[in-house]
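Data first, discussion second: the structure below is written as structure tokens.
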Amino acid sequence: MSEQQRFNNEVEEIKKWWSSPRWKHTKRVYSPEDIASRRGTIKVPQASSQQADKLFKLLQEHEKNHTASFTYGALDPVQVTQMAKYLDSIYVSGWQSSSTASTSNEPSPDLADYPMDTVPNKVEHLWFAQLFHDRKQNEERLSLPESERSKLPAPVDYLRPIIADADTGHGGLTAVVKLTKMFIERGAAGIHIEDQAPGTKKCGHMAGKVLVPIQEHINRLIAIRASADIFGSDLLAIARTDSEAATLITSSIDYRDHYFIAGATNKDAGHLVDVMVAAELEGKQGAALQAVEDEWNRKAGVKLFHEAFADEVNAGSYSNKAELIAEFNKKVTPLSNTPALEARALAARLLGKDIYFNWEAARVREGYYRYQGGTQCAVNRGIAYAPYADLIWMESKLPDYAQAKEFAEGVKNAVPHQWLAYNLSPSFNWTTAMSPEDQETYISRLAKLGYVWQFITLAGLHTNALISDKFAKAYSERGMKAYGGEIQQPEIDQGCEVVKHQKWSGAEYIDGILRMVTGGITSTAAMGAGVTEDQFKSKL
């Protein structure tokens, strides 16, 4: 086959692939030829693509039934094997990886300053464990006659799809392409990426979040899909927006962000940066410097343009104040994507004069623009991201059902088919946020709004911490009575297979391989005569 014929065949295969229902709602800005020309000669099949297909079908079924796949962040293979018995997806958290699994071995808060391969490595760690326990289970079941297997419980599906945290992509667009490739190669079925700026990225529940313009994040989503297309993967992409609580943005270049960029409304206040530099030159620092900034904020009257317009109307002698404000707000809304120049021109036409509004004056010392997000801001971004993402996720400050409903309805009014994701964050105080009864139904209520995938980011971390604290305390006080009574016996009572940890770890499976390659005879089998796990045969 000629080089050209091979290329033509590749293009036709890609066209056929993209015409499947899987991509019905996906927008691509490049052609099949673009992808085919960037593929290698050898096709490397990715098992993670099978997992992506599995995840997509799983979420389709949940959407159909108005239910949700709900899961939490897994720390290690022990947690994954236990989760697989009850939950239908697995989450890998960047926060947990930052604190417990950085490839630099240096723990850190969730600032995405760990090495780029940290979360992909954790995905591979869990993916290999999933594959191993799946093989182990198959061998154990198939070693029995079919008549006996029919009496066993259904096998555990250890191959639950993994969704992982890609943070902001760890750099520019080429970094996003490479990071996506890592996740595909290491077993991820889906990844999420947020619209914060790299370098200033924070945990979704920290202060000081800096957004990138809408188009910049769309470019990241396109880069994810392009990378997955090059490597022949159906990887799911989840677009997260941190705009609900964001206070800064890197640039004013995208008109879709203009409504939410705040500016100074008092010309006499000057520029914040100039005022702060002057104060530093005077020797002010710490609390004194903060006081200077607070005073500038008070004097400058920093607000959004539509607020400045309303204040100007209300302060004037206009006879039709309500009508003027209503006419302006009818045309300039959180979802209208009105460029600032058009909003200013409309205001000038309605008032007969220009309003002083200067977002350059309000820029902070790092150069970022002031930004006032909120739920409608997140809706606007969610709609913009929808053509490039399989799911949309708004990070929020509280587990607020009314807010979740506002976001879901706002996005779905524009994009009815859109799947949504929700962070059931442990950063929320669930006992003060809602009653136990509401806690029990929260997932199902969100599912009815279209949140088909929900997750507790750090439940693996917190369950690990709780049992470790509880056992360490009891062990220090009661010695082996604590282990026997609070760990081992409950394992037996609950039927937790890890009580027989040698078997759980695959000792019998490996012994079987050893016998297979030695002709059926070996004196060094790990589970032979004398293994202490025989003590548990009557118990489990």
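Here the Cβ of each residue, glycine as well, is placed from N, Cα and C on the backbone.
As given in Swiss-Prot:
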- Cys203: active site, proton acceptor (ACT_SITE)
- Ser93, Gly94, Trp95, Gly204, His205, Arg240, Asn423, Leu424, Ser425, Pro426, Ser427, Thr457: substrate binding site (BINDING)
- Asp165: Mg(2+) binding site (BINDING)
Find, for the listed binding-site residues Ser93, Ser425, the residue with the lowest Cβ contact count at a 10 Å cut-off, counting only other Cβ atoms.
Ser425
Other C-beta atoms that fall within 10 angstroms of the C-beta of Asn423 (substrate binding site):
21
Check Ser425 (substrate binding site) against DSSP and tell me helix, strand or coil, would you?
coil
Taking the Cβ of Trp95 (substrate binding site) as the centre, how many other Cβ atoms fall within a 10 Å radius?
24
How many whole Å apart are the CA atoms of Ser93 (substrate binding site) and the residue listed as 'Mg(2+) binding site'?
6
Enumerate same-chain residues with a sequence separation of six or more from Asp165 (Mg(2+) binding site) and a Cβ-Cβ distance below 8 A; give 'none' if the list is empty.
Val92, Ser93, Gly94, Trp95, Ser97, Val119, Ile191, His192
